[in-house]
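Engineer: In case it's useful when we look at the structure, here is the feature table from Swiss-Prot:
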type    : residues                                                               : note
BINDING : Asp26, Ile27, His28, His53, Ser54, Asp75, Leu76, Gly77, Phe155, Arg158 : 4-CDP-2-C-methyl-D-erythritol 2-phosphate binding site
BINDING : Asp26, His28, His61                                                    : divalent metal cation binding site
SITE    : His53                                                                  : site 'Transition state stabilizer'
SITE    : Thr149                                                                 : site 'Transition state stabilizer'
Amino acid sequence: MASEASDVRLPPGGPVVLPLVGIGTDIHAFEDGRELWCAGLKWEGEGPGLAGHSDADVVAHAACNALFSAAGLGDLGQHFGTGRPEWSGASGVTLLTEAARIVRAAGFTIGNVAVQVVGPRPKIGKRRDEAQKILSDAVGAPVSVSGATTDGLGFPGRDEGLMAVATALVVRAG
C-alpha cells in the first residue's frame, strides 16, 4: 500500500519550498534596581526590572530563540551568551536585529514572529502597537505580541519573573 506522501506531485519547475517553524522561550526573574524592559519598551512604574546579562527583555529574547530554532542556528546563548562581554547590557532590540541579520545571512527569509509574554505585568495591551512596530522594525518582518497570565500559578503567578514563548516562520531563500 502506497503512503500518502508518495502520492504528492511536485509542481512543474521544481520542488515546493516549505516554511520552517521554530519555537523559542525565555525566562528572567525580577530584580530590584533594574529598569523593566519588555517587548522592546521601557515600562516606567511597572515594578522592578528583570535580572540578566543584557536588558533581559524576555519577548525579544524568545523571538531570537525562535528565529535561531527555525533556521537551525542554535540559540540565544550560543550567539549572545554571558561568555560574550560585548553583549553585556545590550538591548533586546539590538539582539533581535542581530539575530535577524544572522538568519538572513544563513540564507533564510523571515516570514513572521509571534510572541506571548506570560506574567501579571506589564499589561502588553496598553502598548501593543508600539511594541509590535519596534520589534517588526528590528526583524524586518511582522512581529505580533500578546500577553497572558497564569491565574496566580507558578513563578509568573507569584510575580517572581516573566516568561515569553515565541514562534517564528522562515523559508530558505532562493
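Here the Cβ of each residue, glycine as well, is placed from N, Cα and C on the backbone.
So that I understand the layout, could you describe where these features sit and how close they are to other parts?
Structural biologist: Counting every protein chain shown, the Cβ of Leu76 (4-CDP-2-C-methyl-D-erythritol 2-phosphate binding site) has 25 other Cβ atoms within 10 Å.
Around the Cβ of Asp26 (4-CDP-2-C-methyl-D-erythritol 2-phosphate binding site), the same chain contributes Val58, Val59, His61, Ala62, Asn65, Leu76, Met163, Ala164, each under 8 angstroms and 6 or more positions distant in sequence.
Counting every protein chain shown, the number of other Cβ atoms lying within 10 Å of the Cβ of His53 (site 'Transition state stabilizer') is 18.
Using a 10 Å radius centred on the Cβ of Thr149 (site 'Transition state stabilizer') and all shown protein chains, the other Cβ atoms total 13.
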Engineer: For the C-alpha pair, I'd like the distance in angstrom between Ser54 (4-CDP-2-C-methyl-D-erythritol 2-phosphate binding site) and Thr149 (site 'Transition state stabilizer'), rounded off.
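Structural biologist: Between the alpha carbons of Ser54 (4-CDP-2-C-methyl-D-erythritol 2-phosphate binding site) and Thr149 (site 'Transition state stabilizer') there are 24 Å.
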Engineer: I'd like the number of other C-beta atoms within 10 A of the C-beta of Ser54 (4-CDP-2-C-methyl-D-erythritol 2-phosphate binding site), please.
Structural biologist: 21
